[in-house]
Amino acid sequence: MSSVKRNPKKEMISELHSSAAEGNVAKLAGILSHSPSLLNETSENGWTALMYAARNGHPDVVQFLLEKGCDRSLVNKARQTALDIAAFWGYRHIANLLANAKGGKKPWFLTNEVDECENYFSRTLLDRRSDKRNNSDWLQAKESHPTTVYLLFSDLNPLVTLGGNKESSQQPEVRLCQLNYPDVKGYLAQPEKITLVFLGVELEMRKGSPAQAGGVPEEEEDGLVAWFALGIEPGAAEEFKQRHENCYFLHPPMPALLQLKEKEAGVVAQARSVLAWHSRYKFCPTCGSATKIEEGGYKRVCVRETCPSLQGVHNTSYPRVDPVVIMQVIHPDGTKCLLGRQKRFPPGMFTCLAGFIEPGETIEDAVRREVEEESGVKVGHVQYVSCQPWPMPSSLMIGCLAVAVSTEIKVDKNEIEDARWFTREQVVDVLTKGKQQAFFVPPSRAIAHQLIKHWVGMNPNL
């Protein structure tokens, strides 16, 4: 008779898995102290010790294995994670334990470093020069300076004109109308009917400044070209359009604002967000009295002398920014991504999930909460990628990659209409062939598009 050749490693793995299934923590500890490399080893069906513990309802074993650093994102041959298994068999305590575990091994398909990138709305032509906002004499002098640039807004929509070139997207090139003091002198004479915001000065000094030709004394010339955003009333805007037939106010904001040149878009993002704040905070949030504009449009001050907001520094006096997490959720095995859609989206459009950060919440926890609320999918590891100002009216989109630790989708219809897992091949086809496919994603100037592209790019061998 021929003897059966033993496989000591296979026997050790089998013993490890049996101990996990039986809930024997002491035996597990002994095996792993001798052979720690067996922690994430799988059986023939792709199951790990963590999966066996989850299947048989042993929270103490699950906790022990998590503390040892086991990889909870691994999937078996049935495409299930340990969390999927625990949820299926009704072990809620274990499912919560797996979903909320901190740290752990970083998924293999995430890169260690993310290259810094500039998204649309984040580039600009200007240096904001916040040091000039308190200098009322300087601001007043710049208002009538011949080189000063004014951007006109009506209902938060910028005044633009069509350029002579065509962009690759076949959309006509849209450019901001850069007005000068004579164009807006009449509006500036009626400060109660306008909103004026100092945006900054041009990053590049102009050569051959026409300042002296405009009557500016040489000793008062500093060479700085100031830009202002000027919000006017709808009636005045209509009258202006009638006198300038080549100009119009860009509307609706989405997707119209995506037609701007990149550096001009950054200026509009700044201007639109501050103007939106002014339109919403005409009265003091503390006492309800009227407010007045100061610091070049970057502060509103209550006119009531006894208002508590005048004592110390209060965030209600300054423009607000609303932080939003937007995340590319990646399947535990790294081969798929989760995209969703809202009812208001164009038919066929899917994008990254997103949501506002709540008070007292970290970016990572906001990502996990929003993904679970909208799709029912639980997320483990979260990695920051890049951010994008989003002037709708004043959000900051914080882009992240998020690795799922469960795969079952349970859409909350009050949050979104649909959510699905898409393969890398499907996403690549959409990025290269656009709307010829069964679904499409936001345009390249949206951070969602860049997050999706980032995920595709970091998996070149899949």
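Including glycine, each Cβ sits where the backbone N, Cα and C put it.
Taking a C-beta cut-off of under 8 angstroms and a sequence separation of 6 or more, CYS302 (Zn(2+) binding site) has the following same-chain neighbours: CYS284, THR286, CYS287, SER289, ALA290, THR291, SER309, LEU310. For CYS284, CYS287, CYS302, CYS307, the entry in Swiss-Prot reads Zn(2+) binding site, with the evidence type experimental evidence.
According to DSSP, GLU415 (substrate binding site) is assigned to coil rather than to any helix or strand. When Cβ atoms from all protein chains are considered, those within 10 Å of GLU415 (substrate binding site) total 15, not counting its own. The substrate binding site annotation in Swiss-Prot covers TYR318, ALA354, GLY355, PHE356, GLU370, GLU374, GLU415.
The annotation Mg(2+) 1 binding site is assigned in Swiss-Prot to ALA354, GLU374, GLU415 on the grounds of experimental evidence. Every protein chain considered, the tally of other Cβ atoms within 10 Å of the Cβ of GLU374 (substrate binding site) stands at 23. Secondary structure at GLU374 (substrate binding site), as computed by DSSP, is helix.
For GLU370 (substrate binding site), other Cβ atoms within 10 Å of its Cβ number 25. According to Swiss-Prot, the Mg(2+) 2 binding site annotation covers GLU370.
Per Swiss-Prot, Mg(2+) 3 binding site is recorded for GLU370, GLU374, GLU415.
Look at Swiss-Prot and you will find 319-453 tagged as domain 'Nudix hydrolase', backed by sequence analysis. Look at the domain 'Nudix hydrolase' (319-453): DSSP puts its residues at 33 helix, 50 strand, 52 coil.
Annotation comment: Swiss-Prot describes LYS10 (among others) as N6-succinyllysine. Around LYS10 (N6-succinyllysine), no same-chain residue six or more apart in sequence has its CB under 8 Å from its CB. DSSP assigns LYS10 (N6-succinyllysine) to a helix in the three-state reduction.
According to Swiss-Prot, the N6-succinyllysine annotation covers LYS185 (among others). Under DSSP, LYS185 (N6-succinyllysine) is assigned to a helix (H, G or I) in the three-state scheme.
Long-range Cβ proximity for LYS292 (N6-succinyllysine), meaning a same-chain Cβ under 8 A and a gap of 6 or more residues, is found for ARG300, VAL301, VAL303. Look at Swiss-Prot and you will find LYS292 (among others) tagged as N6-succinyllysine, backed by a large-scale study or a structure entry.
The repeat 'ANK 1' annotation in Swiss-Prot covers 11-40. Over the repeat 'ANK 1' (11-40) the predicted model carries a mean pLDDT of 93.
The repeat 'ANK 2' annotation in Swiss-Prot covers 45-74. Long-range neighbours of the repeat 'ANK 2' (45-74) within the same chain, counting only residues 6 or more positions beyond its ends whose Cβ lies under 8 Å from a Cβ of the stretch, are 16-25, 28-29, 32, 36, 39, 80-83, 85-86, 89, 91, 93-94, 97-98, 101, 103-105, 107, 332-333, 380-381, 403-405.
Beyond the repeat 'ANK 3' (78-98), the same-chain residues lying 6 or more positions past its ends with a Cβ under 8 Å from any Cβ of the stretch are 45-46, 48, 50-51, 53-55, 57-59, 62-63, 66, 72, 332-333, 378, 404-408. The repeat 'ANK 3' annotation in Swiss-Prot covers 78-98.
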*For the Mg(2+) 1 site given as ALA354, GLU374, GLU415, which other residues of the same chain have their Cβ within 8 Å of the site's Cβ centre?*
GLY340, LEU353, GLY355, GLU370, VAL371, GLU373, SER375, ASP412, ILE416
*Out of CYS287, CYS307, ALA354, which of the binding-site residues is least crowded by other Cβ atoms within 10 Å?*
CYS287
*Could you tell me which of these recorded positions, LYS185, CYS284, TYR318, GLY355, PHE356, has the greatest number of Cβ atoms within 10 Å of its own Cβ?*
CYS284
*In terms of DSSP three-state secondary structure, what is the assignment for CYS307 (Zn(2+) binding site)?*
coil
*Return one of helix, strand or coil for LYS292 (N6-succinyllysine), based on DSSP.*
strand
*How many whole Å apart are the CA atoms of GLY355 (substrate binding site) and CYS307 (Zn(2+) binding site)?*
34
